[in-house]
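**Student:** One structure coming up, written as structure tokens, with questions to follow.
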Amino acid sequence: MMTKVLGMAPVLGPRPPQEQVGPLMVKVEEKEEKGKYLPSLEMFRQRFRQFGYHDTPGPREALSQLRVLCCEWLRPEIHTKEQILELLVLEQFLTILPQELQAWVQEHCPESAEEAVTLLEDLERELDEPGHQVSTPPNEQKPVWEKISSSGTAKESPSSMQPQPLETSHNYESWGPLYIQESGEEQEFAQDPRKVRDCRLSTQHEESADEQKGSEAEGLKEDIISVIIANKPEASLERQCVNLENEKGTKPPLQEAGSKKGRESVPTKPTPGERRYICAECGKAFSNSSNLTKHRRTHTGEKPYVCTKCGKAFSHSSNLTLHYRTHLVDRPYDCKCGKAFGQSSDLLKHQRMHTEEAPYQCKDCGKAFSGKGSLIRHYRIHTGEKPYQCNECGKSFSQHAGLSSHQRLHTGEKPYKCKECGKAFNHSSNFNKHHRIHTGEKPYWCHHCGKTFCSKSNLSKHQRVHTGEGEAP
């Protein structure tokens, strides 16, 4: 189980004595304070994982409550199976990481296991480079080892888990660019010399405690780097130590908070949506490193996702998921439209498309529709009305979508591009058919012989063998 909450709550100071009216009031305030900053998804996950049998009167109630908590966390009504699987894999992946890396990755709030892996790979590359510096999330520019030290180990007492005010320590000066991003309050101190003087006076009584924290932070820094090096057999431990020594000797110390030069050395906080990661091949920019890593595969041709059944490789995990369905041959639940499913629940969900209430009925053929607009568009088939005309060649269409698709023949526009091979298409249906070549997906299933097809037209041709209308292709 993950020992930390994804994301960091804002740093809070100690409560004034006058707020602590009574034990009950203190308890309520702490609950509200925690609930305010916990991400909802992580809060539901913790409720599910920390639920105890003693909280319910009996086994049936316990099972029922667990189901409710699980649904609140995984949200099956809005998440797909792949998204739910990714949440579970991400949780387990963070659990098996070494403690030092686990805390660091959680601070970056990865949304998927793939993004967590990309963060670790980026960290390895940064540690391999001379004069490296560990990147931190935009909202909290704090040293990695300082974060781990402040956010705690598994055996901390409850009192130590309370948020503490940020302390300025001279121990961070020796780390060069790995410094703390100034918050709004600290920037006010930097602009007002009187506040800087008051701040220094208030921290002089805690110098011994700061020195102890600094030594602990140094030890944790060495721990997280040693974990990375230990998992890289090609890296030399001696070479890494030399790099660390050179770094300590050459990096300029952090200037005082009150000096103008010190304020200029602090990196500016990235603006939301800023695209700082640029592809060296084509110049395309991305807002995070994981998207850049995925994009690079279009240039390198790398396909890290391999099917364990047939060995076929893919550049994206989503394509592997689609392909893997082709090996799940057992699809006993089929629909009249030709699609087949491995579970009856999936078939029922699909059949709702056919059994939806359709109050608008065509007088000519009896076909029903759920919306009036759909009936009007359908009725043009019988009347032959084609109100949408192409200005280039004069060809007319019964639907606006047909005109838009046709006009791309004149403009040459092909907005639907395949990520695997780069081929582009002017219509989404053509793109979907082409994409099945890469994934191997064959969703159309013959209920007579079990043969599968990638398109409905191929299934219709094949079924003529069983009906006696013609030969199979």
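Every residue gets a Cβ built from N, Cα and C, even glycine.
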**Student:** Of the ranges 25-47, 117-139, 232-254, 416-438, which one does Swiss-Prot list as zinc finger?
**Tutor:** 416-438
**Student:** Any idea which of 61-83, 176-198, 360-382 is down as zinc finger in Swiss-Prot?
**Tutor:** 360-382
**Student:** For the zinc finger (305-327), what are the DSSP-based totals of helix, strand and coil residues?
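**Tutor:** DSSP composition of the zinc finger (305-327): 11 helix, 4 strand, 8 coil.
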**Student:** Are there residues at least six beyond either end of the zinc finger (416-438) with Cβ under 8 Å to its Cβ atoms? List them, or say none.
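**Tutor:** For the zinc finger (416-438), the sequence-distant neighbours (Cβ-Cβ under 8 Å, at least 6 residues beyond its ends) are 298, 314-316, 319, 323, 405, 408-409, 454-455.
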**Student:** So if I exclude everything within five residues of the ends of the zinc finger (277-299), which remaining residues of that chain have a CB under 8 angstroms from its CBs? That is, six or more out.
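**Tutor:** The answer is 110, 114-115, 118-119, 121-122, 315-316, 419, 422.
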**Student:** Tell me the Cβ neighbour count for Lys349 (SUMO2 cross-link), meaning other Cβ atoms within 10 Å of its Cβ, over all protein chains shown.
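**Tutor:** Total other Cβ atoms inside 10 Å, all chains included: 11.
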**Student:** Give the helix, strand or coil assignment DSSP yields for Lys349 (SUMO2 cross-link).
**Tutor:** helix
